[in-house]
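Take a look at the structure below.
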Amino acid sequence: MMKDKGYKPDVVTYNLLMHGYCKNFELEAAEQLSNEMHKSGVSPDSTSFNTLIFGFCRCKRMKEAIQLLQSMKDFNCMPDIYTYNILMEGLCRTHELHQAVDMLDKAVDSGCIPDVFTYNILINGYCKEGDFDGAHKMFRKMIKNGLTPDPFTYCTLIHPLCLAGKMQAALKLFYEMVQKGLTVDKVLYSALMDGLCKSGKVAEALQIHQWIGKLRNPDVETYNGLISSLCKEGRLRKAGALLAEMEAAGCSPNNSTYNILIGGLCQAGQVSRAYKLWKMMKSKNLVLDASTHKLMVHALCLKGKVRRASKVFREMEKLDYPPDQLTLRLLIDGLCQIGNVKEAVRLFDVMLVNDFKPSVALYNTLLEGLHDSGMLDGSRYTTILKNMVSKDCVPDLNTYNILIASNCQAGKMEEAYAILELMKGNRCVPDNMTFTTMICGLCIIQRADNAFKLYKKMLLKQSPPPIHVCKLLADCLQREGNLREAKLVLRFIKSSEHKIK
């Protein structure tokens, strides 16, 4: 457009345009412009070469970049330290660190004096390759050559050391930097705090936080790292104090902050405080993650606070968090203990829908809850037994005893006998509890003769029923006119009581 209007671009104009193209990775356009410049009779200067070298390096075309360096002399242009810095940075980006170091030697041989940027580039290159010894040697060489490291130099060294967990070396450099009066920026402070917390150096992290942290306005992630470390050490009071401090400093806690604190409180058994924090979190429209919700449910159930645990679980369901088997098991067990069997049955159905395989112990818990609440009828326990079989869960002695007890209590002795036979058919040997329950059930429906038969079986096995059951049986036998059998039972009671004395 300039040519159309009769203007002839000079080298400065070409350089500006080439820089724009190179900055936007439009290297072909920059090359075309360079060719046009040559054809127009405009001689390139050092800036022209530096600009194109920058473009080639940015596109990781290092071979062409180095060729441009070599051709500078043909146009009476001498490379300066800026030229070499561009090349060294490009070589470091393409992981050609040894060539970058060789380029430093070439720069010195050509009479260029390396500056702080030169050493920062190479130190950064060594750190990115994980060669901290090489980075440290370059750092010392820089000082030896009379250059003063700037904040970027220290940040370049300290940040990767923190990521690698080499906190002793990172701290040494940090204190050296502070002694020189250099400014610690927010990025370096955050990296240092993160590294200290992850390596378990909480005391040092807190010391630096109190010393310099408040001047750097720590972000929420830095606070979260500190709070997490304190929670892991069980220092929950200090963690709570940091929460108050961050709020006072205008740094709003986020979901992670509360997840960390609530998790720490639950693991320490301080579930009431955790629950209060959860309610506060809800009031701020913040949401716990799935794992912390589960941790809260577990902790509340284990502390017997089942109603609160149930509220937290319902919140999980609203958030569409998938349940897990342990959470459901603890809730079902707790709900049965407090008599909320209806909700326990609902959660048991949730387990089945999610294709979980309940343990025989959990089936027994549910059966016992249904039995205690009078909800275990024949239809329901038949369904549960069928479900156990479909889930490859074999009923055990407790399962059968619960079912027998439920039928005996309801006076349904035929069903109780049927379960007893099923039990034997499944090679599950009845125990004292089984026969004792059957005797009590038979006495309830005035079938003392059958109860006495079971009583004799128990005596033959040298495993008699408890005294209170024997008294119930003797009383029932007397009422039904079976006086001889009643006398035998009473004689056993008397001899047993005599042995106890």
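Residue 1 is the first one shown; counting continues down the chain.
Heads up, the Cβ atoms here are built off N, Cα and C, so glycines get one too.
Feature annotations, reproduced from TrEMBL:
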type	residues	note
REPEAT	10-44	repeat 'PPR'
REPEAT	45-79	repeat 'PPR'
REPEAT	80-114	repeat 'PPR'
REPEAT	115-149	repeat 'PPR'
REPEAT	150-184	repeat 'PPR'
REPEAT	185-215	repeat 'PPR'
REPEAT	219-253	repeat 'PPR'
REPEAT	254-288	repeat 'PPR'
REPEAT	289-323	repeat 'PPR'
REPEAT	324-358	repeat 'PPR'
REPEAT	396-430	repeat 'PPR'
REPEAT	431-465	repeat 'PPR'
Same-chain residues near the repeat 'PPR' (80-114), Cβ under 8 Å, at least 6 residues beyond its ends: 46, 49-50, 53-54, 56-58, 60, 62, 65-66, 69, 72, 121-122, 124-126, 128-129, 131, 134, 145, 147
Chain residues outside the repeat 'PPR' (219-253) and at least six past its termini with a C-beta under 8 angstroms from it: 186, 189-190, 193-194, 197-198, 200, 202, 205-206, 209, 213, 260-261, 263-265, 267-268, 270, 273, 286
Secondary structure content, the repeat 'PPR' (45-79) (per DSSP, counts of residues): 27 helix, 0 strand, 8 coil
Long-range environment of the repeat 'PPR' (10-44) - Cβ separation under 8 angstroms, sequence gap at least 6: 2, 51-52, 54-56, 58-59, 61, 75, 77
Spatial neighbours of the repeat 'PPR' (289-323) far in sequence, C-beta under 8 Å, 6+ residues away: 255, 258-259, 262-263, 266-267, 269, 271-272, 274-275, 278, 282, 330-331, 333-335, 337-338, 340, 343, 347, 350-351, 354
Chain residues in Cβ proximity to the repeat 'PPR' (115-149) (below 8 Å; excluding those fewer than six residues from its ends, i.e. six or more beyond): 81, 84-85, 88-89, 91-92, 95, 97, 100-101, 104, 107, 156-157, 159-161, 164, 166, 169, 177
